[in-house]
Amino acid sequence: MTGYDECASLIEKKKIPFIERLRHAVEIKSVSNDPAARKEVCRMIDWTQKELEKLGTKCEQIKNGKQKLQNGEEIDLPPVLFGTLGNDKSKKTLLVYGHLDVQPADKSDGWNTDPFKLIEIDGKLYGRGSTDDKGPVMAWINAIEVMQELKMDIPINIKFVLEGMEESGSEGLDEILMKHKDSFLSDVDFTCISDNYWLGKTKPCITYGLRGICYYCVEVKVCKQDLHSGVFGGTVHDGMSDLCWILSQLTEVDGTIKINGLKEMVAPVTDEERALYEKIDFDINEYKNDIKVEKLTTEDKVKVLMNRWRFPSLSVHGVEGAFSGPGAKTVIPCKVKGKFSIRIVEGMEPEAVDKCVTDHLNNLWSQRKSPNHFSVHPLQGSLAWVADYNHPHYQAGAAAIRKVYGVEPDYTREGCSIPVTLTFQELTQKNVMLLPIGACDDMAHSQNEKINVSNYIEGTKVLAAYLMELGKL
Ligand SMILES: NCC(=O)N[C@@H](Cc1c[nH]cn1)C(=O)O
Ligand SMILES: [Zn+2]
Ligand SMILES: [Zn+2]
């Protein structure tokens with residue numbers, strides 16, 4: 001009978017067409033935060049639909065609502081792609097979620113190569129979306145294609161939910177899923193998401209927790225239009241100085257959040273939990289070297305991991321409206337918008353976090369005594385997610401990893417946010433598992449994002465082995 005070994009060797013043989021598949025995906029500039037690229041996001045969804053249809057998947061594009069742009073204009077959100085492969089009542093049903101949109105990228109950001117061309121250098125495939133999340137989505141398609149070519153019985157029905165707005169807060173997705181709770185989602189037995197990374201570079205892991213996110217925009221308005229700093233400087237209150245002062249009051253230098261009320265929401269760490277973190281194989285020096293940082297906020301392994309996964313963190317992302325180009329433009333910006341976010345953990349509700357943040361900012365503003373106009377706008381809010389990793393579903397994931405890599409996986413959490421994870425868990429009331437295939441140094445969201453050829457190919461094998469293991473549950 002055809003089994004895992006035949007499957008693994010065909011995956012090896014199909015390495016080149018699988019890389020070509022990823023190349024095609026990366027070349028579509030499906031940047032979700034850029035309204036001008038919306039057509040490309042839709043093109044990526046159409047192209048993926050065709051790939052899934054070649055496997056016999058019945059696909060439907062579910063119309064999403066409208067997105068309100070800052071200028072008041074409304075544009076269509078990209079549709080969500082639903083797919084169904086197999087409808088055998090005697091089999092269980094797996095839901096696979098992935099996203100087809102990417103973060104913005106430009107060669108001028110410091111990429112060594114064109115971000116929208118997949119380029120292989122030393123066994124690494126560079127390109128925006130190669131690891132987040134086009135590589136893993138293509139790996140699902142590769143795995144199913146190989147099982148079908150070998151005429152293997154896929155022991156499970158598969159449903160797909162693939163979206164095009166994940167990198168912009170999954171706008172509209174929860175509403176669509178809620179509407180399909182009693183139809184498309186009603187027979188789902190497990191959900192699997194491959195959209196995060198290993199803790200290291202060599203050892204695979206399974207992930208059972210994610211942080212949520214609350215994202216804010218702080219606006220300071222000086223006047224109607226930008227002013228010449230030589231002509232008007234000294235007579236008006238500088239909006240950028242107001243904003244920088246405010247943003248500098250959010251954290252201590254070591255990252256400790258200074259916003260009252262947040263710390264109290266976080267559940268205390270138990271002894272059992274600490275013991276779990278102590279056992280995790282994680283090398284701080286390698287971590288520093290991977291991200292090219294000389295000194296961390298703490299050099300204690302458990303604290304580093306907890307700061308990434310278990311505690312909230314605040315990051316300042318950027319300023320809209322401020323001069324940021326090369327050269328020395330002498331302008332007083334008329335309106336600046338600071339963007340920051342807080343990664344939140346269990347116990348932190350976005351509404352309660354919003355209140356603490358807004359109160360803190362308004363309080364700071366009153367101390368500043370600036371006559372400029374100040375406002376705070378929460379932009380996104382999603383809860384943290386934690387799953388039961390003792391569930392048999394996780395054992396199927398672990399068995400797949402053992403088959404491919406011959407090792408027991410690490411059980412990790414992840415500091416980033418995939419807002420829909422909790423939605424799947426709540427709507428299906430079934431177990432959700434994150435099964436990453438990329439390595440810790442893939443640099444998602446950053447310059448020179450990559451996936452190793454070996455991770456892409458072995459990852460395809462893991463997903464195929466996992467589909468086989470699910471048939472045993
Ligand atoms: N691979 C998951 C990921 O990168 N998620 C994004 C989600 C997000 C939320 N708001 C904007 N993007 C993340 O930044 O964690
Ligand atoms: Zn992602
Ligand atoms: Zn991402």
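Glycine too: its Cβ is placed from the backbone N, Cα and C atoms.
TrEMBL lists HIS99, ASP132, ASP195 with the feature Mn(2+) 2 binding site. Residues or ranges marked as active site in TrEMBL: ASP101. What TrEMBL lists as Mn(2+) 1 binding site is ASP132, GLU167, HIS445. The active site, proton acceptor annotation in TrEMBL covers GLU166. If you look up TrEMBL, you'll see ASP195, HIS228, THR330, ARG343, SER417, HIS445 marked as substrate binding site. If you look up TrEMBL, you'll see 209-364 marked as domain 'Peptidase M20 dimerisation'. Residues or ranges marked as site 'Important for catalytic activity' in TrEMBL: HIS228.
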Request  = Could you tally the C-beta atoms, other than its own, that fall within 10 angstroms of the C-beta of HIS99 (Mn(2+) 2 binding site)?
outcome  = 27
For the residue listed as 'active site, proton acceptor', the one of ASP101, ASP195, SER417, HIS445 that lies nearest, given that the recorded positions are compared by Cα = ASP101
Query = Largest pairwise Cα distance, Å, within the listed substrate binders ASP195, HIS228, THR330, ARG343, SER417, HIS445?
reply = 46
Ask   = Which ones are near GLU167 (Mn(2+) 1 binding site): of the recorded positions HIS99, ASP101, ASP195, THR330, which have a Cα within 10 Å?
value = HIS99, ASP101
Note = For ASP195 (Mn(2+) 2 binding site), the spatially nearest of the recorded positions ASP101, HIS228, THR330, ARG343, SER417, using Cα atoms, is SER417
Task = Quick one: among the binding-site residues HIS228, ARG343, HIS445, which has the most Cβ atoms sitting within 10 Å of its own Cβ?
result = ARG343
Ask   = Looking at the binding-site residues HIS228, THR330, ARG343, HIS445, which has the shortest Cα distance to HIS99 (Mn(2+) 2 binding site)?
value = HIS445
Remark   = Densest Cβ environment (other Cβ within 10 Å) across the binding-site residues THR330, SER417 belongs to SER417
